[in-house]
Amino acid sequence: MMRCCFLAWGVLVLQFAAVVQAEDWMQEVQNRALKTGHSEAVHWGPDASKYSSWTNHSNRLIPVYTFGTDGEGQGIDLESYTGRDSVYRDARRLARLYHGNMDDSVSPDAEYLDQTNIFDLQLAALEAGKKHIFLVVFDGMDWQTTQAASIAKLGRVAYTEGRGVGMHFQDYDADGTSQYGWMVTSPQRSKAQVDVNTQTVKPSGGLSGGYSPLVAGPYPWSVPTDLKYLIAESDGGLVRHAYTDSATSATSMTCGVKSYNGAIGVGPTGEPRPSIAHRAQAEGYRVGAVTSVPISHATPAATYSTNVSRSDYQDITRDLLGVASISRSQPLPGLDVLIGCGHGVEVDSDSGQGENFVPGNKYLTDKVLKQIDVKHGGKYLTSVRTSGTDGAEQLAKAAQQAARENHRLFGFYGIGGNQSNASGNLPFASADGNYDPAPHVGGDKIAYSEDDLRENPTLAEMTSAALTVLSADDKPFWLMVEAGDVDWANHSNNLDASAGAVQSGDAAVKVITAWVEKHSNWHESVMIVTADHGHYMFIEHPELLAPPQDASVKR
């Protein structure tokens, strides 16, 4: 009997060890790669001998998932922009889009859309009277990032091409109205000379945008014939195209124009362009933006602000909150809801913000925070990270009060301080759902205090709060939600944090779909889930990302 007990105990210990190993496997893969500088499973950048040889964006084709679109008519149905209707099959249309000759990007077989078509689809939904329009941006999430996150979640390799499974946004069919495609994200040009003080642009220099399927391939999962092409370099090739940054890519999706990298809501020569949020607001919609990174970073910035430089954070925030700025002496009305991060990031100087920079918080001046507060005659009920206060409960109560009293809502959270991972963002989740991801490729350890976790809401909780306010009195609304930490994790070549960030964003998507099912339907609601650009992770052996207890895995 005693021997049986010991055997049973031994089996339990082994089973427990296997579970721990499975749950922490992405962290283990990351840790091993950092230790050896190499991974058989994945590598970041064109050099397969190194785990990390590239930490920036790429020009990969980016997946697009739509909901409430199939069969909804021209402009809303995703097929309005793909296949025979792809702008990349038409040299004249493509030249107008990029402001120049684009013969090296024209393909008679192009199945993909352009990033500006994300704006077109939203505009068509608005003009058709769709009551609820959602744009969910997983910053930096390409097809490979999503596949890695799926493997982390499912514990197996479930697909090697196509839409995929595992994430809610992959599996959910929105009552049969969901569609899938992919898009080109390249900018008009890689850079321009700008003056933030005068808000002027001198278009000059830089590399032009475009996409060559002959080199890069026709699908998001294609492997280029020239591995350096997608990062604007080349091994003797004749074709080079720029890869986008988050500013002009967000401008493409919300304003429908291609511009230079760094542009916020402006065209190639700096001319302000009305965003889909501006248009919706003019039609009586409430409008909002939610992000897991600082409030005036590129993606939320381009939903509503106009600025020649993405780095002019305080002025961008002024636009978002309806306060006069360097680009708007007559302020915009402001978003109805803005919830994001940047709290605790204090700086004494910032040359990128021009002559009107105010020392203190990098993204939000004390003066503006006071000016917008309902307690001081402003329009916003404010909810700011507070020591000892549960952030999720605090934000939810503020949202309920704002909805009840017909106020706008501003939420300001995040992690500031002197740590390398304290850039104002929400805590990074890990692939196993905890908040202890493996170190970044630079070796920076990521650790959070109990206060950091308790005093900050999650992106899903921020999304729920936004919906509470935007949907009050059954008003129509437009909402952008950004999982910005995907980009930050991928810049750091952190496989563990990347998978965790995708899952955090997926939880926010679940909040939206649950809300639509309870309060609306997929005939009067439209949602687009996509990314603004890709990175450059190559998954050479996806089976090695699955935990060892998977019988199909060979070690």
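Every residue, even glycine, has its Cβ placed from backbone N, Cα and C.
Automatic, uncurated: that is what TrEMBL annotation is.
Annotated in TrEMBL:
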SIGNAL    1-22  signal peptide
ACT_SITE  SER246  active site, phosphoserine intermediate
BINDING   HIS297, THR299, GLU482  Mg(2+) binding site
BINDING   ASP487, HIS491, ASP532, HIS533  Zn(2+) binding site
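When the binding-site residues ASP487, HIS491, HIS533 are screened for a C-alpha within 10 angstroms of the C-alpha of THR299 (Mg(2+) binding site), no residue qualifies.
A Cα-Cα distance of 6 Å separates ASP532 (Zn(2+) binding site) from SER246 (active site, phosphoserine intermediate).
HIS533 (Zn(2+) binding site) and HIS297 (Mg(2+) binding site) have their C-alpha atoms 15 Å apart, to the nearest angstrom. Compute the center of the Cβ atoms of HIS297, THR299, GLU482, which mark the site for Mg(2+); besides them, the chain residues with Cβ within 8 Å of that center are VAL137, ASP139, SER246, ALA250, THR291, VAL293, ALA298, PRO300, ALA301, GLY340, GLY484.
The residues near the Zn(2+) site, meaning same-chain residues not in ASP487, HIS491, ASP532, HIS533 whose C-beta sits within 8 angstroms of the mean position of the site's C-beta atoms, are HIS57, ASP139, GLY140, MET141, ASP245, SER246, SER249, VAL486, ASN490, ALA531, GLY534, HIS535, in sequence order. In sequence order, ASP139, GLY140, HIS297, ALA298, THR299, ARG310, ASP487, ASP532, HIS533 constitute the residues six or more apart from SER246 (active site, phosphoserine intermediate) in its chain with CB-CB distances below 8 Å.
Across the structure, GLU482 (Mg(2+) binding site) and HIS491 (Zn(2+) binding site) place their CA atoms 16 angstrom apart.
Around HIS491 (Zn(2+) binding site), the C-beta neighbours below 8 angstroms that are at least 6 residues distant in the chain are THR55, ASN56, GLY140, HIS535. The Cβ neighbour count for THR299 (Mg(2+) binding site), using a 10 Å radius and every protein chain shown, is 28. GLU482 (Mg(2+) binding site) falls within a strand segment according to DSSP.
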